[in-house]
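Asker: Here you go, one structure.
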Amino acid sequence: MGSGKELLILGVLVMVRECLTECSLGFDTARGQCVDRNECEETPGICRGNADCFNTNGSFLCRCQQGYAHSKGLVNFTQDGRCQEVNECIGFTNICGPAAQCTNLMGSYKCTCNLGYSKSGLGNCMDINECYEAQMKQEDLCGGEGTCINRNGSYWCSCSKGYTNYGNNSTKCSPLKCDSFNGNGGPASSLGGLADILFMMRNSCVALSNPSAASEVKTDGEAQLEKLFTAAESILSPGQLNSSEDVSGLLSTVENAIMLIGPQLKDKHTRMETTETEVEIAVQRGKTRPIGPIQLTNEVAILDTDWTTAAGTGPYPGFALAALLSYKKLEKSVNRSFEGLKGHEKDGVTPSFQISSKVVSVVVSNPNTQQLNRNVTITLRHLQDTEESDELSYICAYWKESGTWSTDGCYQQESNATQTVCTCEHLSSFAVLMALYPMKHSFGLQVVTKIGLTISLLCLVLCILTFKFCRSIKGTRTTIHLHLCICLFVADLFFLAGISQTKPVGGCSFVAAMLHYFFLAMFTWMLLEGVQLYRMVVLVFNATMRPLYLYLTGYGTPLVIVVISAIIRPSGYGTDQHCWLSLKDGLIWSFFGPVCFIIILNVFFFLVTVWKLAQKFATLNPDLTQLHKIRAFTVTAIAQMCILGLMWVFGAFLFQEDNTVVAYIFIILNSLQGALVFFMHCLLSKQVRDEYAHFLSCICTPQKKRYSDFTSTNPSSSQSQALRSGQHTGESQI
């Protein structure tokens, strides 16, 4: 019992003691003693941010983790300030060494070796000997004509003479073809400015191919490209190129120049535009062949291909190039040389061609562009928005080095009014051509032509026979009418038989020359008729003209014109659609020029004739019979000139497109010519009518004629008949 009380008293005393004992800050009371308190464990996160907590006797300290530093520069702290991330890459110079790149991380950093270096066992970046490794792996870094030289972090390819790496020392050595810029006395001698381009590009090529000079040459591709197209602009700006050889020389020279300049360009995409050209060039570089699509565009064309096609399958030189070049005005110079286009006939009709887009050139680094593994697609915008029809179709063509257009290996994929999509198996300079098919004349027009010209020919035959054998109207004017009808008859005969017979070409040219000659001769005889009327009024006496002078003028003058025209433009006689003069190069004016001149002269002569007739009618004692005859002659001559002139007003547009209405009018007027001449100069003449009546009476009543021969023995009757015949002969001399 006593011991229990003692224990109770002892516990109470201890409790009292503990209550009376007071520990310092950072300590806790335990069994009457002050024990250190571990604040780091009792209060997690007491050190804010990226700091570690360290317990001390009665307190704690905060220290920033590695890669962090106190905002006030303290090493040990409690809660004053915070730890901030340290950028070792900036704060410590060359922390990774000279051959590595430092990358800052949260609380740390990372060292990455530069290209051409690798980490050694000690963690340092050491140079890679690419030449040695390539030799061990049997890889060809510099090509067959290049020597590999190791450099710190890289390697150089030293090229032999005649080879280059275009200023990129880590690419293979490629052969240079500087001979392509020699010119060889071709277009350079005739095309001004092309020699300057050839000289400039040859100097650049020779400098690149010389190992001693290549290291000193600063390759500025952009500057060379600008010089190239400035020189090309000086060639194209004066206007149309004179020959197909000049066009071929310019196109090939510019393409070769782009092949030389393209690898020297610094940017992956380069675009340049002048007043005459627009070019876009894409270049990819690397140890492996690039892959992926390529699309180059400008205002008039779109090129769709891929890098595999651009690079080719041959030895890879370390780069691939693709370029799209458009010429803004060259289509005028190449709107010719269509003789190589075959196989575009439709229903036996050969079309005519003309350029329908701008000319574009496609250049790639692939050396084998004549047979590509994959076709390229080129979209060309039309010069004019026109839909395809029965009379018009679009074809894709390329310009051959020989100076002609061809469609071999190029096909039309699709076409609308604004553009044509072409797919081609090879590369060159391209354009869209319009194949124009002549409108087929209807069956009705053919019937009208044959019937009308047949009637005209029959009437002209009657006129020729009348003027030749009718003795009562013999004279200068009748001679003129006779040869006018002969010329018109032969011209209509050639027109009816050969105007559409375009094959063979020589026969068509002959028909065109005959039509040219006899239609001109017809107008020349019409001019002689105007001159004769003028002489009849002005020169009362000696108004006749010698037949020799008439023949020399009527047949010699048109012969001279035709011969000169044939010498100057021999290819202008006959076209693909008609055997007539070509409407190109102005040859048609060798016909319309003299015709207009003759009509103007005749108008002058007729005005003077009418004025003189009016004066004579106003005299006191006019010879009315003679004046009435001259007036009748003048009226018929004016009517004849109007019909012939009006016919060739429509004839000027006969061989244009969409000419059905004009063709009907021309054929009708042409048919009326023979009938008009027969009506005015034969049926309206009383003397001719009497001759016709006498001729018909001889045919229809031969017995009466024989009876009259036996009975008409009266001398007075014979004398009177001779007198009347003499009067008629005298009148006909006028």
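Glycine too: its Cβ is placed from the backbone N, Cα and C atoms.
Okay, so TrEMBL annotates it like this:
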DOMAIN    271-440  domain 'GAIN-B'
REGION    710-734  region 'Disordered'
SIGNAL    1-21  signal peptide
TRANSMEM  443-467  transmembrane segment
TRANSMEM  479-498  transmembrane segment
TRANSMEM  510-528  transmembrane segment
TRANSMEM  548-568  transmembrane segment
TRANSMEM  588-611  transmembrane segment
TRANSMEM  632-655  transmembrane segment
TRANSMEM  661-684  transmembrane segment
Asker: Is the transmembrane segment (548-568) packed against any residues at least 6 beyond its ends, judged by a Cβ distance under 8 Å, and which are they?
Answerer: 476, 479-480, 483, 487, 513, 516-518, 520-521, 524-525, 528, 587, 590, 594
Asker: What residues elsewhere in the chain lie close to the transmembrane segment (443-467), defined as a C-beta under 8 angstroms and at least 6 residues from its ends?
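Answerer: Answer is 473, 478-479, 481-482, 485-486, 488-489, 492-493, 495-496, 660, 663-664, 667-668, 670-675, 677-678, 681-682, 688, 691.
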Asker: Under an 8 Å Cβ to Cβ limit, what residues of the same chain, 6 or more beyond the ends of the transmembrane segment (510-528), are close to it?
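Answerer: Here the qualifying positions are 480, 483-484, 487-488, 490-491, 494-495, 498-499, 501, 545, 550, 553-555, 557-559, 561-562, 565-566, 573-574, 579-581, 590-591, 594-595, 598-599, 601-602, 640-641, 644.
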